[in-house]
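Peer 1: What TrEMBL records for 175-190 is compositional bias 'Low complexity'. Annotation source TrEMBL lists region 'Disordered' at 165-190. Summarising the annotation, TrEMBL assigns transmembrane segment to 6-25, 61-91, 103-123, 135-160.
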């Protein structure tokens, strides 16, 4: 691997790590704080909004730190891919592709960059390389994608309860309710 390749991998890892840490900090300390993030997750149909908010914060900050260090790179990439899959499915997919319409373009790019990084590995300037624990190639990509898909499926399967639309709106006032079959309708009195 050339020095330019090593520098490029370091650049990708550090920038992606900073982006993930920034997202985690924003979910924790940003405008709505952790409570606002919890309400947002609940609004997306996830049960346990506060738990989801904290899981998001820990996952995003943790993945960011691991990426910057180049430690357990396939697992750090799996965390990013999983976060982006959840965001893509719950928040962005209904809006189409383009990011300026709140679409999934941005989360797709972060997920694909993470998968590519898992395949390429963290490079020589990493804890993985220094500790001789680098897992690259198809193995690195397979670990990242497999763990991400399993984690995403598990989270959505356990916690996601999308809102269902009923066929007919239900009356809110019993006076507006239609008479039961076989019963005469109530007469309005003046």
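Every residue gets a Cβ built from N, Cα and C, even glycine.
Those TrEMBL annotations? Automatic predictions, nothing curated.
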Peer 1: Of the stretches 6-25, 103-123, 135-160, which racks up the most C-beta pairs under 8 Å with the transmembrane segment (61-91)?
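Peer 2: Comparing 6-25, 103-123, 135-160: 135-160 has the most Cβ pairs near the transmembrane segment (61-91).
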Peer 1: Are there residues at least six beyond either end of the transmembrane segment (135-160) with Cβ under 8 Å to its Cβ atoms? List them, or say none.
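Peer 2: Residues packing against the transmembrane segment (135-160) from afar: 45-48, 52, 73-75, 77-79, 81-82, 85-86, 89-90, 111, 114-115, 118-121, 128.
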